[in-house]
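Structure first, then comments.
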Amino acid sequence: MQRYAVVLAAGKGTRMKSKLYKVLHKVADKTMIEHVVNSVQQSGADQIVTIVGHGAERVKDTLGDQSAYGFQEEQLGTAHAVKMAADELKDREGTTLVVCGDTPLITADTLNALVKHHEDNQADATVLSATAPNPFGYGRIVRDEEGRLSNIVEQKDASEAEQQIDEISSGIFAFDNQTLFRLLDKVKNDNAQGEYYLPDVLSLILEEGGKAEVYHTNDFDEIMGVNDRVALSKAEQAMRQRINEYHMRNGVTLIDPSSTYIASDVIIGMDTVIEPGVHIGSGTQIGEDTVIGQYSDINRSTIGDRTTVKQSVINDATVGDDTTVGPFAQLRPNAHLGNEVKVGNFVEVKKADIKDGAKVSHLSYIGDAEIGERTNIGCGSITVNYDGKNKFKTIIGKDSFIGCNTNLVAPVILGDDVLIAAGSTITDDVPNDSLALARSRQTTKPGYLNKNKE
């Protein structure tokens, strides 16, 4: 059976008190709408329609061609929002999921279980419910004496008795697609909020003698809606715990999970150790037997096996196997470190290729450069790559030694087995097997200070 999904993402999110559109706030380094759409995709939806309103273009920029779009100009309720998908889905046969764009913790497994329950029971509609520790603000699941769904009552329309019910509607549904779009036009807005409620479709189904089911999940966190910064923080904590537990169960040691932040798409090999205070952002892959030292920040980068990163910042870079980075190093975009490389304390690398076995141990800037195998860069060495207008490249061959406090003024090429004397400013190319010395000769005047004291 074909499966479709409508993702509701048109609400402005006033309670967030933000200039940023609500579903674009991030949880675990990814926007809420991306989390939801990814889960819907993983659940096997053949087509997704995202309903946008406020901030529509930014949502489209975020999701791109992962979804088709419907536009809700006025926020007149959830049933009205789903109607905006009619052009894409109205005449299709199959099951349609309706999912809220502000439920970033929902998983593909739960969506699949909801659809399976719906289809196995040949229902016209099925609502996903949960037991809430504090049900205030949620629609309540009202059951009849036999435990079957009788109604879904929104908070503002609930009686005192109904407000005591702790089984709540998640706002996530599975519908027979043609039944859904046939009944949407019959939904009325005679309620406390003057809105067209999607749960009223279930009431219409029951009135017609159709079948409406409830599928209950035991994990309330999955269906938690994020409407303000407090809920955003709770979602972040829950997502972080889920992600961290996943990695620990797959052979990764997290010394202090409560202070470790790992994005949802990060890949980490077994027997790697993550120390406290580490942030690993989206698009990062880390190998096996590696140590990521405390307070390191790594984003969109690849780190190899048996490598150690100590208190460093790495963005859009690659680091090979058996390599050491830090402490207090910065790898900027397009920094590429080979195997058995050392980049030490207070070294900055940008758009540079440092080959296997090379060392840049202290207080250096390596930018727009290529460093050959086993070359050693002395303390305080700088590739002078910028003339105020353009960037130029420095190339250093293999097995070379660059003395301390040197300036390599690009464009410049240094060959293999080259020795650059400490304190030199190199402006010309240096051929293989050469010594280059470019500094003033030392002048010493014995007794000079004694003469000045007389």
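Keep in mind that glycine also has a Cβ here, set from the backbone N, Cα and C atoms.
The active site, proton acceptor annotation in Swiss-Prot covers His362. For 8-11, Lys22, Gln72, 77-78, Gly139, Glu154, Asn227, Arg332, Lys350, Tyr365, Asn376, the entry in Swiss-Prot reads UDP-N-acetyl-alpha-D-glucosamine binding site, with the evidence type sequence analysis. Among the features that Swiss-Prot reports, Mg(2+) binding site is placed at Asp102, Asn227, with the record citing sequence analysis. Annotation comment: Swiss-Prot describes Asn385, Tyr386, Ala422, Arg439 as acetyl-CoA binding site. For 1-229, the entry in Swiss-Prot reads region 'Pyrophosphorylase'. Residues annotated as region 'Linker' in Swiss-Prot, with sequence analysis given as evidence: 230-250. Per Swiss-Prot, region 'N-acetyltransferase' is recorded for 251-454.
Positions of Swiss-Prot features highlighted on the structure.
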residue	record	DSSP class
Leu8	UDP-N-acetyl-alpha-D-glucosamine binding site	strand
Lys22	UDP-N-acetyl-alpha-D-glucosamine binding site	helix
Gly77	UDP-N-acetyl-alpha-D-glucosamine binding site	coil
Asp102	Mg(2+) binding site	coil
Gly139	UDP-N-acetyl-alpha-D-glucosamine binding site	coil
Asn227	UDP-N-acetyl-alpha-D-glucosamine binding site	coil
His362	active site, proton acceptor	strand
Asn385	acetyl-CoA binding site	coil
Arg439	acetyl-CoA binding site	coil
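Leu8 (UDP-N-acetyl-alpha-D-glucosamine binding site) sits 8 Å from Asp102 (Mg(2+) binding site), taking the CA atoms of both as reference points. For Asp102 (Mg(2+) binding site) paired with His362 (active site, proton acceptor), the C-alpha to C-alpha distance reads 47 Å.
Fewest other C-beta atoms within 10 Å: among the binding-site residues Gly77, Gly139, that description fits Gly77.
As a whole-number mean, the pLDDT of the region 'N-acetyltransferase' (251-454) in this prediction is 97. Sparsest Cβ environment among the binding-site residues Lys22, Lys350 (other Cβ atoms counted within 10 Å): Lys350. A distance of 23 Å separates the Cα atom of Tyr386 (acetyl-CoA binding site) from that of Asn376 (UDP-N-acetyl-alpha-D-glucosamine binding site).
Comparing Cβ neighbour counts within 10 Å across the recorded positions Asp102, His362, Asn376, Tyr386, the minimum falls on Tyr386.
Note: the CA-CA distance between Asn385 (acetyl-CoA binding site) and the residue listed as 'active site, proton acceptor' rounds to 19 Å. Here the binding-site residues are Leu8, Ala10, Ala422; the one with the fewest Cβ atoms within 10 Å of its Cβ is Ala422. Take the binding-site residues Asn227, Asn385: by the count of other Cβ atoms within 10 Å of each Cβ, the lowest one is Asn227.
When the recorded positions Ala10, Lys22, Asn227, His362 are screened for a C-alpha within 10 angstroms of the C-alpha of Ala422 (acetyl-CoA binding site), no residue qualifies. Every protein chain shown contributes to the tally, and the Cβ of Arg439 (acetyl-CoA binding site) ends up with 13 other Cβ atoms within 10 Å. Rounded to a whole value, the Cα-Cα separation of Gly77 (UDP-N-acetyl-alpha-D-glucosamine binding site) and the residue listed as 'active site, proton acceptor' is 61 Å. Spacing of Asn376 (UDP-N-acetyl-alpha-D-glucosamine binding site) relative to His362 (active site, proton acceptor) is 11 Å (Cα to Cα, whole number). The maximal spread of the acetyl-CoA binding site, taken as the longest Cα to Cα distance among Asn385, Tyr386, Ala422, Arg439, is 22 Å.
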